[in-house]
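Colleague: Have a look at this one.
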Amino acid sequence: MGKSLEVLIFGTGGESEPIFRLIGPLIAKAVGAVTAWRIAQNPAVRVSVVCRSNYEAIKANGIRLRTAFWGPGHFMPARVCRSPREVRDVPFDYIVTANKLTSSPTYSELAGLVNSRTTLVSAQNGIGIEDTLRQAFPSNTLLSAIVYISCAQPKPGIFRQPMAIKPHALGVGLSHSPLGRSEEDISRLREFCSYDEKFAMIEDIVSHRWSKQLWNGAFNTLAAITRCDSHQLLDPSGPYLAMVIGIMHETQRVAAAAGAVMPPDAIERLIELTRRRPPVQPSMLQDVFAGRPLETESLCGNVCRLAERLGINTPIMTSVYRELLALGTGKENQASVTRKPKVESPAAMVQHAAAQVA
Ligand SMILES: CC(C)(CO)C(=O)C(=O)O
């Protein structure tokens, strides 16, 4: 048997807010734990995890899961640690960053772990998400993984994957490198995708990432502001549908200018698909309810800034960005958690945004 590969998963997801455990579809980001479990099914791979609030539970009982894609499961990671410092001596082949991308990424913590052969895999939502990793580790293979599964952690160490917005869990491709792509990069990509049949290899990762951003940029942001799920946002007689479509059109223009290629009916298809699937409470709404920092920059701010650089007008997205900044990040959200929309007059916001577009 060949040498065993070492994989580290950085970030195994925050705990879901109790109200969601009782009343609604469980949707939050616990994708790190699900990915760790899937990779650990390969006998040649040893999977270690860095955990924060769920450290005690996972150290004692491992990771337990109920998933729509793969059924139930349980596994004990090879190592469970609170900090990357504890596994400094391990020569990691892959490090998967599945931590939340807030305005202060913590990649300096990874510096001591990455050797010249380590492949980095960024499994995060949004645009511009790989930039910090690329700057920190310019010559390492960097894979970009688009997450299509919704995951939650209703209790520490217990995970659910109730649904997905695509037939695969992760779409993985090579992130752009100024050094070009080497044979080694391609074989690492193939190897990573071979770990699970629901890890799909994607050639044009830029276009796929922008297609996913069409969804996240509209649904995550508006859900966080209005406290609505995906079906409520799409209600044809409700006040939000125009904004969903407006943000998607703005995103599509920025995406095209950034080199992404999408089918002309991408927006209609995405809306249709979202209507057909069960309602989703996007991860950003979960974060609002749990009082966690929001991924405002990767899901909205980075796109607004890119649009500005490219000379593209994005009035709806820009007003949504302002709302998200006003919503704040972290604990201060908890005080304002209600089932009512945060925006006093969403219709006024739609009108205001529409007037700016006209
Ligand atoms: C995959 C999906 C849509 C799951 O809800 C997501 O990306 C999110 O909520 O942020």
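From the backbone N, Cα and C atoms, a Cβ is placed for every residue, glycine too.
As annotated by TrEMBL, domain 'Ketopantoate reductase N-terminal' applies to 30-161. Residues or ranges marked as domain 'Ketopantoate reductase C-terminal' by TrEMBL: 204-324.
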Colleague: Provide the three-state DSSP residue tally for the domain 'Ketopantoate reductase N-terminal' (30-161): helix first, then strand, then coil.
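Modeller: Looking at the domain 'Ketopantoate reductase N-terminal' (30-161) with DSSP, the answer is 34 helix, 44 strand, 54 coil.
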Colleague: Could you please provide the mean pLDDT value for the domain 'Ketopantoate reductase N-terminal' (30-161)?
Modeller: 91
